[in-house]
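Here's what TrEMBL has on this protein:
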- 93: active site, proton donor (ACT_SITE)
- 240: active site (ACT_SITE)
- 334: active site, proton donor (ACT_SITE)
- 352: active site (ACT_SITE)
- 635-722: domain 'PA' (DOMAIN)
- 767-781: compositional bias 'Basic and acidic residues' (COMPBIAS)
- 832-847: compositional bias 'Low complexity' (COMPBIAS)
- 848-862: compositional bias 'Polar residues' (COMPBIAS)
């Protein structure tokens, strides 16, 4: 019932405030229309002015037993939606959301019509629209490889002069490999085989281009040559649904070749990428070498796929690890490190974890997963719910919101949560008759025997290298997956229940695990001391030389050819990459984290949280956990650059002022003198937003700012206008300035407040208190932003001032097969560290915490024997090293 109420809240607000726009903007209560809002880059490629959220939600309405609403929604789609817009869209997103949404809607429409009560008028209109859209996507496949262009113009295709697309050379593996379910279903429904043929050709090409020795695929591929552009491999962003569609294509279409391919890839994933409970990216050519030390949230779908495969133990392990991360941060951050710190802090209400929770409950029947689902529901209501829907989290550390509610939230999240709790009598049809696409759209399994235009069994000899006896040829039967032991899943989870808070994963590579026993593990970047002679000797052996710079730092440069052996050179390369990541991470940690402005007065009651930039002066909100709370008042003059002329309106309130015409510190002194208890500076650049701009920090004026004792925060124009609009409508607006959003039950303790706001909060209050206690004991680096965005510290200047980012690292990798990174000299002043220096960090664990296998390393003799037994031409070794360095350079630029 809670899930139904939450769905109604999100869906009705979309229909009331946004339709026919593609998406709802839940903070400003309006629709997101492409071209009318600041561009968000690639994210906007999902929007095509085709009422995206309504189409994506069609079959969810039927799953949630809202057949009348479904009938009305289908009529609206048929009447209002235009698929012939002059707009460039993502082939991948349009396929899974719009084509999938139309096909899912058609699937349940014909099912309802057959039952005889609803949809009796329906005559395949959604299928006709799906076919029209399918033909609009086909021009993207006009490449020699058969891999589609990543984008297509709905009106003009790809190469037409007015198309404004078709110049791209690369696409992601998932983008080209996540078409077969929708395209095959379209072919089977209509009898037009061309769609299935194109999707199969793209899948065949990716399979041909897999790295043959590791059987892994990279993240991005050249659509013309088939060369791998990014050679790292994992199960998260960029690859995820390629693997999902190989297994599901076998389930839906019954073609053995898809299962053979999936099993081949799955074997490689479990051999190289799976490091229970972690799933870490590796290099396709050197799969024993980890490509990064963090994971992205999209991999949360993988335990669900493992359930379909029938491999339950690792599914339970990874899911439990992810749940522990959620319990720590309330949501799954977009990316987090191997020691479970936030790497990218956003959370756009992704449904993948809910999907895996549903599958694991279906497989185990363990009520633990119902409790997990309950936690997800409570967190959504408590932290993401706003008056006009549910808002994505801008930063899980502060609880601030972003003005977006993606269509997949309605398409997937509520579907999986409802199904998790639904009994058979709550459903009006048998969900087991359908398979879920990656967007959770329903395709009926009877398609496997309909309009088969392509032979079912692949008769080519390309699979002769595989041993079929290793593969299961049937879908798993959940009744025989477990011994008759209700505690089976719990026994697997138990060792992992404290994995996030109490253990300290070191991200050790498989190569290190397999080394022979020796006195010490390889030198890690975090342990390196430039004053330690033993460390310098190890560096020399790895081909790393040390150059003293005039500013007190040292520069490390690796020449792979100078290493003692190939293994030492590989260790050196890993050490350099660790040092680069460490230096970059520490530079970010010297910057202040974002702050939160929470509107706590009627009718917001703490539901709306705005991302605010901090000040490098005034009250430090991270040390004053209660924050500063008060009503807001606009000052006169609005720029705050001279004595305040309305002090009676400002006294004991939080002053609102405009950026520009003087230094930030001057504004702070003026409002403090007028009796304000805090200040919010609103950007004067029209349309600026924390959604699209990097975090902004207010710097001092170069003088001593100890006299400023009130908190000062900075809001971009869009967020500032939310407060100004609230003042216009409600007059008295109260806000809370804090380091992160506060639990609404805590804010309103002892005060009158509508029950619906605190129903779900009180249950979790104790958990929040424990969480905040543990937060108080975390090192500062836990709270520092390690987001992909830069944070610039600026002093206000006339004309609004210009932003200048903190000093960046020089290019860490050169083209001449060398890698370099800068670290401070340990023997010089240990208390000061410039903005571009990377101070040697304290180890995250004491030596006693190290895992046993990390104590093993290789002796000189073993190393020499290995080097002698595996002599390679120097050109070949150099080529390999160059390849790794290219991959590292690409990782530096990587964005999710």
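Quick reminder: no glycine exception, Cβ is built from N, Cα and C everywhere.
Note that this is a predicted model, so its numbers are computed, not measured.
Here the features listed in TrEMBL are placed on the structure.
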residue : record                    : contacts (Cβ under 8 Å, 6+ apart)
93      : active site, proton donor : 45, 46
240     : active site               : 174, 298, 299, 301, 302, 438
352     : active site               : 297, 298, 299, 300, 301, 304
### Query
So for residue 334 (active site, proton donor), how many other CB atoms are inside 10 Å of its CB?
22
### Summary
Using DSSP three-state counts, the residues of the domain 'PA' (635-722) come to 20 helix, 18 strand, 50 coil
### Task
Report the mean pLDDT of the predicted model across the domain 'PA' (635-722), rounded to a whole number.
91
